[in-house]
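Beneath this line is the structure, given in structure tokens, with notes to follow.
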Amino acid sequence: MIKILGIESSCDDTAVSIITENREILSNIIISQNTEHAVFGGVVPEIAARSHLSNLDKALTNVLKESNTKLIEISAIAATSGPGLIGGVIVGSMFARSLSSTLKKPFIAINHLEGHALTARLTDNIPYPYLLLLASGGHCQFVAVLGLGKYKILGSTIDDAVGETFDKVAKMLNLAFPGGPEIEQKAKLGDPHKYKFPKPIINSGNCNMSFSGLKTAVRTLIMNLQEINYNECNHLESVRQDEVQEEFAQRTKVHEHRRKLQNSLVSSFLNDSVINDIAASFQFTIGEILSSKVQDAIRAYEQITNNFDKKNIIIAGGVAANKYLQEILSNCAKTYGYQLIYPPIHLCTDNAAMIAYAGLERYNNKLFTPLNFCPKARWSLEDISK
């Protein structure tokens, strides 16, 4: 039986998985680093890389035990080799290549985005081609998935990724990290029409997106509600920049102090009802933007493919776990005769099962990678063969 070992370390989750040729997930271990990064309000690349270094052995041991698999039974090792935080990518890739060399088994370098792109084929056996909305903390793009390694980017964000925007707005509201799930929960209790936020380039006529202006609008609203002037805010930003330059050993103390300051500002001026309304209005605006862009993406997709027997839109990445957006985008897709498909929640966020599956497809096509492959911090889906 073919068994593919997958390794994922592109951001702050250390993940290892084993799947079979029949798309059965024998084990899928994820070691989260959320508590290590929470005090900073975001992912610190150096901490992430060091944690991957200490977590990979543990994750591999647990996966082998849970799947009742011996290392010699592994057919190939697939590992995220970009894009992502380069320190973590290198740690995972080197770990995988060491196993490959020792076991004399093929190594397969996987583009992290391809892992997300193919997840629906792992879970639902979706045929090619299909339209993909990849929405995560680091990326937001519409992609025509025409076949293995054949991707056409129809449009992408020109500034912030949608998941990053969720996290930053959550941070403004003093919500826990990661911010996406926190925003979603608060939004359930708020009025989505309480505040009107801008929808940048929503009428551009193409598939590109922008979230920076929306993020700024939320920040401005919060400052106005808190009656904090721009000078004080700019001073706080300059303090933040100075703090970043301090020694790593002092960072925890500095960020704790900064977070306490932010906490006092939010808790003093914004009650729970206001926070809920901001979260709901923000999430509603995101839904409006993505729904409009899905329509643009469908038109662009239909210009480059003539396969209309299976009209599927896949949403993948961490943002795909948002139930509100699932419902909004599903209704939008139905209007155009498409079915919206999204992976189970545990496969929306970063995981190694998707990496192992991408490895399986490449293994079946004998697309192996030399051990001298250089990991990449940036690696477009359209350049996946380079």
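Our numbering is plain: 1 for the first residue shown, then up by one each step along the chain.
In case you wondered, yes, glycine gets a Cβ from its N, Cα and C as well.
On its own chain, Asp350 (Fe cation binding site) has Glu8, Ser10, Cys11, Asp13, Ala15, Ile30, His112, Gly318 as residues at least 6 apart in sequence with a Cβ closer than 8 Å to its own Cβ. The Fe cation binding site annotation in Swiss-Prot covers His112, His116, Asp350.
The feature substrate binding site is assigned by Swiss-Prot to Leu134, Ala135, Ser136, Gly137, Gly138, Asp167, Gly180, Asn322. DSSP gives Gly180 (substrate binding site) a helix state.
Around the Cβ of Gly180 (substrate binding site), 26 further Cβ atoms fall within 10 Å across all displayed protein chains. The shortest Cα-Cα distance between His116 (Fe cation binding site) and any of the binding-site residues Leu134, Ala135, Ser136, Gly137, Asn322 is the one to Leu134. DSSP assigns Asp167 (substrate binding site) to a helical segment in the three-state reduction. Set side by side, the binding-site residues His112, His116 differ in how many other CB atoms lie within 10 angstroms of their CB, and the most is found at His116. Less than 8 angstroms from the CB of Ser136 (substrate binding site) sit His116, Ala161, Val162, Gly163, Ala316, Gly317, Gly318, Val319, each of them six or more residues away in the same chain. Least packed by the Cβ count within 10 Å, out of the binding-site residues Gly137, Gly138, is Gly138. Residues Leu134, Ala135, Ser136, Gly137, Gly138, Asp167, Gly180, Asn322 are listed as the substrate binders, and the farthest two of them sit 17 Å apart at their Cα atoms.
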